[in-house]
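Asker: I have a structure I would like to understand better, so I am pasting it below and will then ask my questions one at a time.
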There are 2 protein chains.
Amino acid sequence: MTPKKPRSEKSIVDIAKALGISPATVSRALNNSSRISEATRRRVKEMAKEMGYRHNSMASSLRNRRSNIIGLIVPRISMYFHVFFITALQRRLQIAGYNLMICQSNDSVSVERELANSLYSARVDALVVSLTLYTEDVSHFDGFLAQGIPLVFYDRVPTMPTPAFIVKGDDYRGGMLAGNHLLVAGCRRIAYVSGPLSCSIYQERTRGFVDALATRSVSLPEHWVCHHELTAENARRSLRLLFGGNEKPDGLFAANDTTAIAAVEFAREHGIRVPEELKIIGYSNDPRTSIITPSITSIEQFPSEMADKVADTLISALKHSPDAPGTIAGRPVICPVDLVRRTTT
Amino acid sequence: MTPKKPRSEKSIVDIAKALGISPATVSRALNNSSRISEATRRRVKEMAKEMGYRHNSMASSLRNRRSNIIGLIVPRISMYFHVFFITALQRRLQIAGYNLMICQSNDSVSVERELANSLYSARVDALVVSLTLYTEDVSHFDGFLAQGIPLVFYDRVPTMPTPAFIVKGDDYRGGMLAGNHLLVAGCRRIAYVSGPLSCSIYQERTRGFVDALATRSVSLPEHWVCHHELTAENARRSLRLLFGGNEKPDGLFAANDTTAIAAVEFAREHGIRVPEELKIIGYSNDPRTSIITPSITSIEQFPSEMADKVADTLISALKHSPDAPGTIAGRPVICPVDLVRRTTT
DNA sequence: TTGTAAGCGTTATCAG
DNA sequence: CTGATAACGCTTACAA
């Protein structure tokens, strides 16, 4: 249960011995220090290669107090938005010389808490987090702030003020765009399926959407509003409810695309014509929305651009000496969104 | 460019001093060693909490020569198959006390090589790899084998014999299932769009497919076969070629679902009726195949089950002392596949 | 330009 | 049950 490896790996001490010089010199040579002669640098590098030396970043990290690892906690990598975000972020960080340690909370607060601890133990140089649907208390990240370790929340961010960095989509605007679009398209009996309000993005999408309807004095009846985890199964259940009464909605805002897709399928099964009888708009511009028939109008969030913002934030925070705990705050970065019109509206 | 953190973190030495005991005792207490009194264990843990002590796994890893980190190199996390694989693998490894370090090669051999080096430097306890489309030489992984670090290839595995562990889908059978299915459905003019043959999975799918056609003496004309990276754009280009001649295919095997989807859209645009005039079968059972109209027949690969196999392999390899380099081989594990019939056939 | 020596934080060993 | 010590591999003042 505690297996160890045999000591067959070569260290800089071995190289030093083989060459009859000091380990310090070897270290300097391998790190391309300026204070070393070209000749020894070459000698060392050759010998290193010959002996099969491999840099040990654990030792180096311990000594340097920096791991070159950045932690990422994401609710689920199966979400289109996060996949694109991660890919873009990883590319940027790789270039900057960092490795990304990607973890999934699976929307479980307790897993998120464990991951935070584990990544702290690993002494990541920075942490990037998109919260679970239910995270309200973010105190499990306090240790990072206390130590001045850059902490960036993106997308699903804390609903309470925090001294951490924040990069988020303009969910208020997204909700408002969706609402206006349905109104302009002529909808007056509008239903809304949203995620739980414990989560920042759904709070804001809801606010924006409600405000949009209010400007035209369209009401959003309580029995036409659902808040729950936005899975396909939940969507089907809610749709049955929403369309079970006498009066049917003529417009639906689904706060994610999985739900919008379920709605299109539901309409198909129940002979509801889309967009004639029912207009549907989703959120995130998941590639699936353009594959399904009819294709679904959605809100684009530009995940790669968001990743660029996060990368910029990280890199500048990491460059500036992170010595002074508490000084890492900043005003939230709000990223634009856009409506992509397709055939469901 | 080389920022260091101030030494404000507490170590076990600080705890030891505060308690007037030795660091060794503190370490034992925190690790729940059996050779320690209940009383001191409690005292230590209380003090640790009070002082805000946090375990430093870098130091611990260096001392123990094990990081509890497992490296993963995957071509792209945007592929459905890998997303599900990763999710399942991560859950299993988390339970076993390991963290996953997920990296993307983006199908670039040179990136793959760099990642291998970087993960070696990080002294991962094991490495899991699905190769790029073009990796033929796998010598950049030799270091792991030489040091007896468990190395598992899955899905896209080396085409040459290797002493590493191998877990792969039954791509030969998958190709054969696809071929037989098209034949049984009555297709005789069959086209095939495949990935590059440098990649194991396409080699085998092709072999299986060709063998299936051969049993019924159906030929696969060379101008109806394409090998290239299976993107939507490439697919569109190939489809234009395949359907540009006088004789049109009545069956198409697309070696991934992105291509199959492109084919369905192509058929729609060109007024080719599916499945009446053209039958289409994809590969991987991407969720998109069941959303599109008509829904696409595909080959299921059971990524989660594959991840379980990989996890089993890893955990047993890590438990058995990995002292003896060269003894970690094993016969390839072949995972079943299944045909999922939908409306395109 | 190179060497010496100390130390990053933890833990295994050995002795008490 | 507890303590002293050394070591994991690397880096960096400081000294030569």
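Any Cβ shown, glycine's included, is placed from N, Cα and C.
Automated prediction, rather than curation, is the source of TrEMBL annotations.
Feature annotation from TrEMBL assigns domain 'HTH lacI-type' to A:10-64. The transmembrane segment feature in TrEMBL is assigned to A:69-89.
Are these features on the surface or tucked inside, and what are their neighbours?
Answerer: With DSSP states grouped into helix (H, G, I), strand (E, B) and coil, the domain 'HTH lacI-type' (A:10-64) comes out at 38 helix, 0 strand, 17 coil.
Long-range contacts of the transmembrane segment (A:69-89) within the same chain: residues 98-107, 112, 115-116, 119, 122-133, 154-156, 257, 284, 286-288, 301, 303-304, 306-308, 310-311, 314, each at least 6 residues beyond the stretch ends and with a Cβ under 8 Å from a Cβ of the stretch.
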Asker: Would you mind giving the whole-number mean pLDDT across the domain 'HTH lacI-type' (A:10-64)?
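Answerer: The answer is 96, the mean pLDDT of the model over that range.
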